[in-house]
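Step one of this worksheet: look at the structure below.
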């Protein structure tokens, strides 16, 4: 499974592409950051982010896009920009018909370090080890994007298996939930 | 000046197009709502919003897009979706090279009613009067989008005049601000 992970942000949006399946060594295909100038207009920054993400999707052709789930209670000063950057990432993926999965920061930390409260250095160290890199990817946004992709490969597959198991034991007809 | 106003939201995104200049009767060209199903995936909802906004931009060819400025302190439960919907609106406008302007809810209320703390009914009543409609546009998101467009025609022009006045009296060279 090839996953493109996105750590959303207006100034720096981390992107990492990882190939792998649970229980096997993972492979990093690419890692980087899409940057936009802090003094540019918000609409123009979103256009730059769209172009950046499109270029990554074109080059790496992932099967799934994993995006960090943004919460309104954290980092109030930057949360709106983070939400807007994540919207562009989700839009680009869905427009191509790629499944989009969201993972919370603590799910990502727990997946790669075993602790949902691990710090940045610990996440960077584990990403370096799991992908057999020479040094932790910089900036931290790039390492976080790789951690998201790894988290998805491990968690996503577990979720898929669970969904398949539920589907196999589901009654033939289920009333659809109402909006 | 032809302005397309957007009251952003994931479930209902209000759109209103108004033509006019300050001091003259305003003309409503169109009003409506882009809806997305609450049970759809977030990425798909953003794609539907993009398609909806693109259709409005194609049909009405506005010169400016005015979007409500979203704050993280208001309506915590829906603020992330609102920020994401507004990102798509700003992206669509900027991608076409259209200027995007943001106005706060209180700026919009003050512009159309004279009070920044006016309620929905008061805004709806003034939009109805200013655009010479038979009844307030429904839902409220549609009326709010028209109010945004009106606010921009009145405030935006004042801002432009101010900027022109400043530019006229500006020294020949000014050091650019650093990011």
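Glycine too: its Cβ is placed from the backbone N, Cα and C atoms.
Now, the feature entries from TrEMBL:
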ACT_SITE  A:7  active site
BINDING   A:7, A:141  Mg(2+) 1 binding site
ACT_SITE  A:68  active site
BINDING   A:68  Mg(2+) 2 binding site
ACT_SITE  A:141  active site
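Mapped onto this structure are the features recorded in TrEMBL.
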| residue | record | Cβ within 10 Å |
| --- | --- | --- |
| A:7 | active site | 29 |
| A:68 | active site | 26 |
| A:141 | Mg(2+) 1 binding site | 24 |
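Residue A:7 (active site) sits 6 Å from residue A:68 (active site), taking the CA atoms of both as reference points. Residue A:68 (active site) and residue A:141 (Mg(2+) 1 binding site) have their C-alpha atoms 11 Å apart, to the nearest angstrom. When secondary structure is read from DSSP and collapsed to three states, residue A:141 (Mg(2+) 1 binding site) falls in the helix class.
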